[in-house]
Amino acid sequence: MRTAMSCGGGLVQRLDFSSSDEEDGLSNGINEGPQKGSPVSSWRTNNCPFPITPQRNERELSPTQELSPSSDYSPDPSVGAECPGTPLHYSTWKKLKLCDTPYTPKSLLYKTLPSPGSRVHCRGQRLLRFVAGTGAELDDPSLVNINPFTPESYRQTHFQPNGKRKERPEDDCRTDRQMKYAEKEHPAVFQSKRFVLRETNMGSRYKTEFLEIEKIGAGEFGSVFKCIKRLDGCFYAIKRSKKPLAGSTDEQLALREVYAHAVLGHHPHVVRYYSAWAEDDHMIIQNEYCNGGSLQDLIVDNNKEGQFVLEQELKEILLQVSMGLKYIHGSGLVHMDIKPSNIFICRKQTELGQEESDGEDDLSSGSVLYKIGDLGHVTSILNPQVEEGDSRFLANEILQEDYSQLPKADIFALGLTIALAAGAAPLPCNEDSWHHIRKGNLPHVPQLLTPIFLALLKLLVHPDPVMRPPAASLAKNSVLRRCVGKAAQLQKQLNVEKFKTAMLERELKAAKLAQTSGKDECSDLPPMSGFSCRGRKRLVGAKNTRSLSFTCGGY
């Protein structure tokens, strides 16, 4: 390709480029430039009408900008008489697009690569997306919440350097050095930063992973939806807050529920927790779906039909919920909001021939399970931060800010819950009727209950929290577990029969041993006329036999 340029009406230079010179120009052309004080510099300053381009250091050039004409190119001396000529500066050639070659394979490949700090976004709905970049926000270890419900011993074990539980007194100096070093190496442990909801926002995981079926509940915190997870096809209960929680006073309540679920884990009488996340500053919690609704729904349906839960089913509810409370209290937590709307029902079909055991852990094999849910008011027994729940089920000592018997507040609320399921009128929120119940008076139950069960319910609402039975005692109460006494009796009889069987086996073994030893002695004796050792019989006459008797006279 040949190109000519004019300078002041005269021909300045004829440029000749060939394909073979293109690659050579990448390495040789950079060092060819006009020197300061040379005739070329005076020509560029005084005679040439083209704009003057400042000189640039060759170190500032990127690999894609190291493009210049061939080094074996020299100006025409015949033209230099009118206008001293020289090859144009590389920036001028780049503007004229004479030396830029962006279509080489190397340059095309370089332009297709993303920059180190860029993000690549994929179009379309895809569950997995590649996002390039440093990811400093996600990799920052200081943005980690500390669960307040984690046992103190567990927290100390996992949050101290080297996992040591206890240091010896003589190692105090070394311990201080280790702590300072650990603070430098692991600042997230010693200078933890609260991971607020706004920092956990992501794309709409709810719409991507779940298919909303219907709304199944609503409360003060938010709404609950029945959803199907697209991946596994199972039903889940998705709880979403009504309003944004980031930065609000309700944020701690939302996080408290997540903390409690994570610590409690899985128990057959506690609603199972799967995951939690934030979208648009709204907290979303994925829990187990209970197909039987709540106990409050059952009570409402019974009131419409003029029915109520019978005593046998009341005992089953009280037993299973007390077992859930036993697990929660054993974990060092209290629920603080036990009521019918927070007790959920799971109905499942039992297979034919499936035997149900009377053990505590085997109650999960029944056809109906009662589970405790809504852990938004859960607090620690040792370090209580009480957030009062429903005032209709609130114990009087909690109102007086006496937190010495926190687990017994759940027992009080459970007693009133069973009374409502038995057909009692709705509970008052205040006034004299509210205080009347706090004096140990059980609400009136329209159905006839057995005296022993009625006495147990009155004990649950006793004004003195010390007199109320703990959840562990309720889970083993003989009134609730009718088969406990019978099972103990049957177990005792079984042990007696096992002992008798063992004695008979010993006697049988001794008899067999004696019979074997008798045969050996008989074989060692010399043969006697008239006796047969095989049958131990006596021959009389020709072929007649008579049994041999060793009995003595007089006996």
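Backbone N, Cα and C atoms are what each Cβ position is placed from, and that goes for glycine too.
When the residues Ser523, Ser532, Ser549 are compared with Swiss-Prot, the one annotated as phosphoserine is Ser549. Binding site for ATP per Swiss-Prot: Ile216, Gly217, Ala218, Gly219, Glu220, Phe221, Gly222, Ser223, Val224, plus Lys239 from the candidate set Lys239, Lys243. The CA atom of Val224 (ATP binding site) is located 11 Å away from the CA atom of Asp374 (Mg(2+) binding site).
With respect to Cβ neighbours within 10 Å, the binding-site residues Ile216, Ala218, Val224 differ, and Ala218 shows the lowest count. Cα-Cα distance from Gly222 (ATP binding site) to Asp374 (Mg(2+) binding site): 11 Å (rounded to the nearest whole number). Overall, the recorded ATP-binding residues Ile216, Gly217, Ala218, Gly219, Glu220, Phe221, Gly222, Ser223, Val224, Lys239 cover a maximum inter-Cα distance of 14 Å. Averaged across the domain 'Protein kinase' (210-480), pLDDT for the predicted model comes to 89. Fewest other C-beta atoms within 10 angstroms, among the binding-site residues Glu220, Asp374, are seen around Glu220. Separation of the C-alpha atoms of Ala218 (ATP binding site) and Asp374 (Mg(2+) binding site): 12 Å, rounded to the nearest whole number.
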